[in-house]
Amino acid sequence: MFRFKTLMLALILGLCSNMLHAANVILIIGDGMDDHQISIARNYLKGAQGRLLLDDMPLRAAVQILTVEDSTEHKPVYVADSANTATTLATGVVTSRGRISTAAGSDEDLPTIAELASAAGLRSGIVTSASVTDATPAAFAAHVSLRLCENPNKMLDINYRGIPLGNCKQDLKAAGGPGSIAEQLAASSLDILLGGGSKHFSPEIEGGNISVAEAAQANGFTLVHNLEQLHNAPADARLLGLFAPGTLPVRLQGEGQRSAEAAKPSLLNRLHPYLGSVSYPDVMRCEANPQAEGIPTLKAMTEVALEYLSRDNPTGFFLMVESASIDKQAHERKPCGSIGEMEQLEEVLATAMAFAENQPDTLILVTADHAQAAQLVPDGSMYKDYNIPVYSPGMVARIVTPEGAIMGVNYATNNYPYEEHTGANVPLFGNSEAQAYVPAFIQQSDLFNIMRDYLGLKPEVELRD
Ligand SMILES: [Zn+2]
């Protein structure tokens, strides 16, 4: 339920805060970007002896991910989703899976760093390769109890093949709530919002006869739908860029659109694990995805966002950029797709670092929201000399790297068509500005405090009743 009073109190406190200096925060989130994904990407993009831009960042730390059950007891859950972790990054509060900046158990709305920044006179922006209504971007500017409530038609009776997945009844405007995620983004005070998800802006707003996109325009957003419009948008407008119906197409794909595949044991091996043989999937190369042609890259969107947020701005800004499909492609067991998204994240980081060269009061943090399924495994078991067929029970991709070697990537979290997240720590990287603020080991919620303090959004905001 939308707790208007609490949110307004927090926003007013943010507004009244004394800003020490005009500072900027650029938070880059690699969704699902754990050390397996980073190692896989390094091997492919830079070679086994090469270095990613991430590897040369002055600061590296480990982030502990916390999740709780949806109750007031806050019993731990050991594997997160993007909704609860983005909520933690955006608000500093640990919550339950599926929630978008609402509290576990109480459903209280939690003020986000983008909202606090806007209320204090700073600019704020979000860039993503997902739909802008997807969990990670949504958690920075919307408040609903369930991440699937992405547009006005998806507030009630949300189901997958007839299986009910929940609803957002209490978030309906008719119930005194703020409406769906798309409606909240349209009504937000963000200065720039770029990504996919146009299909969520075409339904009519709840209780009105205009579309969500028209509501966004009425709230001062200029809408753009392609690269040319993005580059020619008026300089003084607030910008909403929607470049695909849903998630933006990824840069790389497996040849013939292959994903990881199962090893095939012979009949004899099925009778006894020490007998017979096993055939592994054929090797595959990564190739360009033709669907991505003409779609703005994360780098292009970030460049525009930085220009919009920094131009004639004496107060500073908060910008979140998400490389979303490291995660989404890992769910589908598509390592080439994840590698291409890692490359996009590297390009965004280069853009952010170049920006910070000229704007020294810029804190750059790069982290993941949670770990993912992909594992870098041997191509050929280390037990192969035992002369028995040893193979992964998961799905395996054997990728030919530009160095001509074969890299094994394994997915084995479940027997379902979509892999699960995993619960390990994730890495955090920062520029030299981050070195003074970030310890070697940190809880995810502390990153909110660091960003809020860096932007001068003090005093402490009491988020809970
Ligand atoms: Zn995911």
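Please read every residue number as a count from 1 along the shown chain.
Just so it is clear, glycine is given a Cβ too, placed from its N, Cα and C backbone atoms.
Bear in mind that TrEMBL entries carry predicted annotations, made automatically and left uncurated.
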Have a look through His272, His421 and flag the one TrEMBL assigns to the Zn(2+) site that Asp31, Asp327, His331, Asp369, His370 belong to.
His421
Can you tell me whether DSSP puts Glu322 (Mg(2+) binding site) in helix, strand or coil?
strand
Those residues of the chain, 6+ apart, with a Cβ under 8 Å from that of Ser82 (active site, phosphoserine intermediate):
Asp31, Asp134, Ala135, Thr136, Arg147, Asp327, Asp369, His370
Can you name the residues of this chain that are 6 or more positions from Cys149 (disulfide bond) yet have a C-beta less than 8 Å from its C-beta?
Ile100, Met155, Ile158, Asn167, Cys168, Asp171, Ser180, Ile181
Can you name every residue in this chain, apart from Asp31, Asp134, Thr136, Glu322, with its Cβ inside 8 Å of the center of the Cβ atoms of the recorded Mg(2+) site?
Ile29, Ser82, Ala86, Thr128, Ser129, Ala130, Ala135, Pro137, Ser323, Ala324, Asp327, Asp369
Using a 10 angstroms cut-off on Cβ to Cβ distances, just flag whichever of Asp134, Asp327, Asp369 is the loneliest among these binding-site residues.
Asp134
Between His421 (Zn(2+) binding site) and Glu322 (Mg(2+) binding site), find the distance joining the two CA atoms and give it rounded to the nearest Å.
17
For Glu322 (Mg(2+) binding site) and His331 (Zn(2+) binding site), what Cα-Cα distance in Å is obtained after rounding to a whole number?
17
